[in-house]
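**Q** Annotations for this protein, taken from Swiss-Prot, read as follows:
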type     : residues                                       : note
BINDING  : G241, P242, P243, G244, T245, G246, K247, T248 : ATP binding site
BINDING  : H463, H467, D539                               : Zn(2+) binding site
COMPBIAS : 647-662                                        : compositional bias 'Basic and acidic residues'
COMPBIAS : 672-681                                        : compositional bias 'Basic and acidic residues'
COMPBIAS : 684-703                                        : compositional bias 'Low complexity'
COMPBIAS : 713-724                                        : compositional bias 'Low complexity'
COMPBIAS : 744-756                                        : compositional bias 'Polar residues'
REGION   : 647-756                                        : region 'Disordered'
TOPO_DOM : 1-44                                           : topological domain 'Cytoplasmic'
TOPO_DOM : 66-148                                         : topological domain 'Extracellular'
TOPO_DOM : 170-756                                        : topological domain 'Cytoplasmic'
Amino acid sequence: MGVPAGMPHPNGLQPQRKDKALAQNPNTPQKGSEAFLKKLIHSSWFFPGAAIVVMLGFLMASFFTQPSRQVDTNVGLQLLNDHQVKSAKIYDGDQRVELQLKDDYKKGNDNYGKSVRFYYVQPRGDEVAKAMESAELESYTDQPVEHSFLGSLVSLLLPILLFGVLFWFLMGRVGGGSSVMSFSKSRAKKFTKDKPEVRFSDVAGVDEALAELEEVREFLAEPEKFTRLGAKIPKGVLLYGPPGTGKTLLAKAVAGEAGVPFYSISGSDFVEMFVGVGASRVRDLFKEAKSDPAAIVFVDEIDAVGRRRGVGMGGGNDEREQTLNQLLVEMDGFDGNSNVIVIAATNRPDVLDPALLRPGRFDRQIGVDAPDMQGREHILRVHAAGKPIANTVDLAQVAKRTPGFTGADLANVMNEAALLTARDNGNVIDDRAIDEAIDRVMAGPQRSSRIMNEHERKVTAYHEGGHALVAAALRNSAPVTKITILPRGRALGYTMVMPQDDKYSTTRHELLDQMAYAMGGRAAEEIVFHDPSTGASNDIQKATDTARKMVTDYGMSAVIGSVKLGGEDTEPFLGGGGASARNYSDATAAKVDAEIRALLEQAHDEAFQILLENRDILDRLAFALLEKETLLENEIAEIFKDVRKRPEREHWYSKPTRERTDIPPVKAPSELAKEAEKSEEAPAEAPTVPVAPAAPAQQVPVAPTQPLPPQAPLTDPDADPTVAMPTQQYPNYPAPPEHRPENGTPNQNGAENERG
């Protein structure tokens, strides 16, 4: 039976439910005020703010409770002389006189009341005393100065309070705005299996590193699989490699796959301005990690804290070294029973302390390099997922056109392609967008606002054409895939020379070819305009660096020999990266300079000779560049189909007196298999009759290079003579000097020559 509305329930439960519902309603003012007060109390600024408010209250109270108002000294003396004062009190030391008047003192419309005070200077003390004696006062008192407890407290606590607030503020800044005592705590972020972001399936192109880290995951998931064989879980894994190759991404994948708590921290988060903070944070990090059954600690950019000790000005008292010492102890110290695996990433493994790299700390050191062609294709497919890609886009070809690109570069290419498509209001990402994105990543955005006059465009066209033509005429250079005279980044134009496959080493002949086509732009300017420009400065720098490395690093100079000249990088302050120390004599340095000069001159002469022999093709290429501004691989191949190629380079020996041999290398099993397949497919041939060997041919001297005959104009004769008129006659140029070892920085993944 129900209870009528408005009547109390017999057992009294109904009002109780109403009160409980009211108390649990989050929208009630009472609940909101409680939450606000709780938030206010837990705020890091609550206690210093409260102290400031209390001190201000004391100051205001002391200010507003002043018993009397001040009047001028002459007014006070006049009141005494006029017998208007009832009682007086002199405060010795303050030179202050407090007066109690018989009636209110008024000055104009201002009523001062019956309590006033005035101050006097020492010379007028006698005058004040005489006025007191003649005033007929009811009471008169001399009182020494007594500082009030409140005033003493304020004067004592105010400096302490200000210093405390300043200290609180500084500690809050150091500790990221948290409480004062937390600045020595670890700054690591903890991730659990409930918050996975990246999986191993999201990582591509680094299969070896992925396999090693998957094994770490198996160590944590199934330790019995390894411990039954006596294997121990590795203490640490060091990931090293160039920037952008995916070291941090691999760590994120481990965090998503591990199934154990994952702590992430940067190496720079350990060291602060206060001594001992770094070591304290290391202890706190490992203490927290060891409290879990198993955990992974990831230290990004560990070179910030793990640099070699004993280097620099700090010595043993360096705060960074104390932090490193604590890290060494935590990873493999006296307490060897640890369930923590440390994963670290760096792109400077050469500067790390040897004690950090030894087995027992970082047992595994995994190199993460730029991906190969297959890896680049996999990375492109990962980053293409979720993007509308046109059916005409072949990611395998895109991977082929991007040698040397890291995972970050490829991700940037796909993102730039998407941005360019959105800028043009497109719906799908096509080849044009991807091609432009590759150019933007390699050379920067196109400078459409940089307008060159016709002469500069012509100089740029011949300059880039010189690079491309020399590269096409050499036997050991990669194919030319693109030429453009559109300004991009800091360059006025550029030529792409891309290998068909990934290369991991460079031969001497390839280095010579690199130097020759690097000098092709300068040679073309000299031949055509007889007035070279500053656009070849970058080319000369690259060729010089290549020549220097050939002589001093690669042992490719017959004069210097197979000697490594120049010491390792010195370590003055930063644990590496200093200037290279010269550990050879001045006489050897002079020989090195002479060899570098000879290599550069030979490369320049070779480029000059190639352009003279192919001047008609150079003019045709320059005209096409002026007309279209950008030429792609198929168009370039059509122009270069009649290029007069240079002969194969001679065999080179580091010492001329060594015995020469022409025995070829053995054939690889794959080559033998291909020959066997061809022999099975080819029809049986009739037996051949052996022929006696021919007599050795007589060496005939080669005539000097003759100028090319005049050719028909490419366009009408009224056009610019450097492009449209027939090829001009040029005097004979001597053949390149005796073959010398030359250098070029080994560009294993393609080359790009810029004019800018």
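Note: Cβ is positioned from N, Cα and C throughout, glycine not excepted.
Quick caveat, the model's predicted, so the values are computed rather than measured.
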**Q** Using T245 (ATP binding site) as the reference point, find which of the binding-site residues H463, H467, D539 has the shortest Cα-to-Cα distance to it.
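**A** Minimum Cα distance from T245 (ATP binding site) across H463, H467, D539 lands on D539.
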**Q** Tell me which of the binding-site residues H463, H467, D539 ends up closest to K247 (ATP binding site) in space, Cα to Cα.
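**A** Closest candidate to K247 (ATP binding site), judged by Cα separation, is D539.
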**Q** Mind checking which residues reach the compositional bias 'Basic and acidic residues' (672-681)? Cβ under 8 Å, same chain, six or more beyond either end.
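**A** For the compositional bias 'Basic and acidic residues' (672-681), there are no nonlocal Cβ contacts.
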**Q** If we count other C-beta atoms within 10 Å, could you say which of the binding-site residues P243, G244 has the fewest?
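**A** Selected from the binding-site residues P243, G244 on minimum Cβ neighbours within 10 Å: P243.
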**Q** Tell me the Cα distance separating G244 (ATP binding site) from H463 (Zn(2+) binding site), rounded to the nearest angstrom.
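**A** With the alpha carbons as reference points, the distance is 33 Å.
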**Q** Can you check how the pLDDT averages out over the topological domain 'Extracellular' (66-148)?
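**A** Averaged over the topological domain 'Extracellular' (66-148), per-residue pLDDT gives 79.
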**Q** Can you name the residues of this chain that are 6 or more positions from T248 (ATP binding site) yet have a C-beta less than 8 Å from its C-beta?
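**A** In sequence order, D300, A345 meet the Cβ cut-off.
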**Q** Give the number of CB atoms, excluding that of H467 (Zn(2+) binding site) itself, located within 10 Å of its CB.
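**A** H467 (Zn(2+) binding site) is surrounded by 33 other Cβ atoms within 10 Å.
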**Q** Find, for the listed binding-site residues G241, P242, G246, the residue with the lowest Cβ contact count at a 10 Å cut-off, counting only other Cβ atoms.
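**A** Sparsest of the binding-site residues G241, P242, G246 by Cβ contacts within 10 Å: P242.
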**Q** In the structure shown, which of the binding-site residues K247, H463 has the fewest Cβ neighbours within 10 Å?
**A** K247
**Q** Please report how many Å separate the Cα atom of P242 (ATP binding site) from that of H467 (Zn(2+) binding site), as a whole number.
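**A** Per the Cα atoms, P242 (ATP binding site) and H467 (Zn(2+) binding site) stand 29 Å apart.
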**Q** Between G246 (ATP binding site) and D539 (Zn(2+) binding site), find the distance joining the two CA atoms and give it rounded to the nearest Å.
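**A** Taking the Cα atoms only, G246 (ATP binding site) lies 31 Å from D539 (Zn(2+) binding site).
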**Q** How many whole Å apart are the CA atoms of D539 (Zn(2+) binding site) and G244 (ATP binding site)?
**A** 27
**Q** Please work out the helix, strand and coil residue numbers for the compositional bias 'Basic and acidic residues' (647-662) from the DSSP assignment.
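**A** Secondary-structure breakdown of the compositional bias 'Basic and acidic residues' (647-662): 0 helix, 0 strand, 16 coil.
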